[in-house]
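**Q** Sharing a structure below in structure tokens format, with a few things to ask.
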């Protein structure tokens, strides 16, 4: 009986000690293993346990230090104070730490990393262990600039203010021609303004009292048209000859020394004469006159 009792007592005590030893070992593993880096976390597959993992996910020195320690069997290193272990995460996903401790598995692929400089994973070994928020200033070959300069206007774009711009022109003529250019009651100047749309005025010449200035104002096309009509009018008034000694008789007098209607109007034959009956050139053979005899 005593022997049997002794046999039963021994295994019971042994089993109790074994259970206590296993429980103590389990608790020590759960606490002490946090001093070693997790090999799964620093691999491309990642750690499936996340924050419940018994190994360290935030190792000083990042991937290189962890790989060197695990390959050479280094001693356990205490976790730095103030840092929380990383939770589960996948590359290109939301951050779980303020330090880049994992390599981005999209960076060296053909498609590249879509997050660019904002990626929370290291784009190269030089970024391991660096703060994420301070990494945005680094140039990134795969990322695009967050801000782009506005496109500059092309050379073909013309400012709206240049359309229909107003201009002025000045023609200096002999003062004796001013009356003929104006016409009776201003008929000639009014006709030119009505036909071209340009404003016409005759003023004194500042430097020569024997000259008059014909000032034109309007668009470039209006001034061009009005200038041509004024030139044509001057030619008709002067008759392509020096002014007569007695200008008071007028070019329409038809007396000796007058060239009125002595030449055919070139614009009338083209159908473009704008002076009509007031033209100083003949509109057809019926109006043509013989030039006066030379004195």
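One is the number of the first residue shown, and numbering goes on along the chain from there.
Cβ atoms here come from the backbone N, Cα and C positions, even for glycine.
The shown structure was predicted, so the numbers you read here are calculated from the model rather than taken from an experiment.
Reproduced below are the annotations present in Swiss-Prot:
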type	residues	note
DOMAIN	166-230	domain 'KH'
REGION	1-31	region 'Disordered'
ZN_FING	32-60	zinc finger
ZN_FING	98-126	zinc finger
ZN_FING	259-286	zinc finger
**Q** Averaged over the zinc finger (259-286), what pLDDT does the predicted model reach?
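**A** Result for the zinc finger (259-286): average pLDDT 76.
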**Q** Give me the DSSP three-state residue breakdown of the zinc finger (259-286), ordered helix, strand, coil.
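**A** Result for the zinc finger (259-286), in helix, strand, coil order: 10 helix, 2 strand, 16 coil.
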**Q** Write out how many residues of the domain 'KH' (166-230) are helix, how many strand and how many coil, based on DSSP.
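**A** Within the domain 'KH' (166-230) the tally stands at 32 helix, 22 strand, 11 coil.
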